[in-house]
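**Student:** Take a look at what Swiss-Prot says about it:
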- 321-333: compositional bias 'Acidic residues' (COMPBIAS)
- 32-55: disulfide bond (DISULFID)
- 42-88: disulfide bond (DISULFID)
- 56-91: disulfide bond (DISULFID)
- 100-116: disulfide bond (DISULFID)
- 122-143: disulfide bond (DISULFID)
- 132-164: disulfide bond (DISULFID)
- 192-225: disulfide bond (DISULFID)
- 196-218: disulfide bond (DISULFID)
- 207-239: disulfide bond (DISULFID)
- 270-302: disulfide bond (DISULFID)
- 274-295: disulfide bond (DISULFID)
- 284-316: disulfide bond (DISULFID)
- 30-103: domain 'TB' (DOMAIN)
- 94-117: domain 'Follistatin-like 1' (DOMAIN)
- 244-268: domain 'Follistatin-like 3' (DOMAIN)
- 321-341: region 'Disordered' (REGION)
- 1-29: signal peptide (SIGNAL)
């Protein structure tokens with residue numbers, strides 16, 4: 001009698017449990033992906049055994065889902081050999097509730113697919129003219145710079161208004177920053193460190209290219225900043241009255257080059273390999289010789305032991321005009337690391 005009463009209840013509980021288990025499996029089955037490629041396949045696996053609802057609740061554009069519950073070996077083959085998983089279902093078909101993050105907005109493209117595009121808020125920008133970025137490039141306005149920042153240069157910022165210049169003339173730096181022309185003859189706005197600790201070791205002394213001994217790298221950077229143009233490092237240690245490069249001891253990997261104009265030597269790296277030069281890379285050096293590039297000029301200096309410096313870009317026979325490029329091909333070093341040139 002007892003068994004007859006319990007058996008129907010047990011069957012009911014087993015049936016309910018089985019239904020819940022199958023429902024759980026049906027909801028959980030599937031894989032969540034972070035993006036959908038141009039070929040329509042899902043890429044960058046986020047999690048397995050995830051329902052579409054859970055996968056798509058983030059609101060992130062690009063998140064996609066596949067229904068197939070397949071072993072890891074199949075997922076591996078899809079990702080490595082087939083460019084992603086087939087039957088990819090994008091979470092977002094429209095821009096509704098899409099979160100693109102700051103400085104971006106969702107927009108339907110020509111294929112009627114939602115895409116996040118750069119759309120910085122430029123409504124509060126008062127200066128409408130060109131600006132010079134900290135990358136040494138000129139942008140037509142601050143809004144264009146913000147778009148470039150959005151597209152992959154997160155550290156990009158405005159350093160001063162107007163086109164990037166080769167001199168500090170007419171450069172108005174914001175706040176307490178000062179204009180400095182670096183060793184590549186580009187003007188930058190930097191904050192001068194006016195307090196340097198006193199040297200505690202003779203190893204901290206540096207000889208500048210101006211023949212002055214500085215207490216440390218901090219003191220040399222400070223002098224550079226206050227002067228408004230690069231001084232550069234001649235060699236480590238206090239400056240000496242050298243008669244030739246034989247009197248100067250360079251650190252490993254450097255060679256002494258003699259500056260005959262001032263009767264001083266400086267240590268320089270001489271292991272640079274020069275790549276293929278472009279026609280607009282030519283420079284006129286201090287020996288009035290045209291070199292295919294600044295690198296080639298440095299190689300010539302290293303081979304002769306005589307210091308060469310750039311007089312101006314282009315051929316020595318060309319007419320030099322004070323022009324300002326809209327954009328530089330190469331991004332100059334604006335960190336003011338002390339170098340030998």
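In case you wondered, yes, glycine gets a Cβ from its N, Cα and C as well.
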**Student:** Including all protein chains shown, what's the count of other C-beta atoms within 10 A of the C-beta of residue 91 (disulfide bond)?
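**Tutor:** Summing over all protein chains shown, residue 91 (disulfide bond) has 22 other Cβ atoms within 10 Å.
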**Student:** Same chain, outside the domain 'Follistatin-like 3' (244-268) by at least 6, Cβ under 8 Å from its Cβ: which residues?
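**Tutor:** Non-local partners: 209, 211, 232-237, 286, 298, 301-302, 305-307, 340-341.
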**Student:** Using DSSP, would you call residue 274 (disulfide bond) helix, strand or coil?
**Tutor:** coil
**Student:** Provide the number of Cβ atoms within 10 Å of the Cβ of residue 295 (disulfide bond), excluding the reference atom itself.
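**Tutor:** Residue 295 (disulfide bond): 16 neighbouring Cβ atoms within 10 Å.
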**Student:** Between the Cα atoms of residue 55 (disulfide bond) and residue 295 (disulfide bond), find the distance and write it as a whole number of Å.
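**Tutor:** The separation of the Cα atoms works out to 53 Å.
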**Student:** Residue 192 (disulfide bond) to residue 295 (disulfide bond): how many Å between their Cα atoms?
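**Tutor:** One finds 30 Å between the Cα atoms of these residues.
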**Student:** Just give the helix, strand and coil counts over the domain 'TB' (30-103), going by DSSP.
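**Tutor:** Here the numbers are 15 helix, 21 strand, 38 coil.
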**Student:** Once near-sequence residues are set aside, which residues in the chain of residue 316 (disulfide bond), 6 or more away, have Cβ atoms under 8 Å from its Cβ?
**Tutor:** 284, 285, 288, 289, 290
**Student:** So which of the disulfide-bonded residues is most packed in, judged by how many other Cβ atoms lie within 10 Å of its Cβ, out of 42, 122, 225, 239?
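**Tutor:** Answer returned by the neighbour count: 42.
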**Student:** Per DSSP, what is the helix/strand/coil residue tally across the domain 'Follistatin-like 3' (244-268)?
**Tutor:** 3 helix, 11 strand, 11 coil
**Student:** Please report the Cα separation of residue 295 (disulfide bond) and residue 270 (disulfide bond) in Å, rounded to an integer.
**Tutor:** 10
**Student:** Relative to the Cβ position of residue 56 (disulfide bond), how many further Cβ atoms are located within 10 Å?
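**Tutor:** Around the Cβ of residue 56 (disulfide bond), 18 other Cβ atoms lie within 10 Å.
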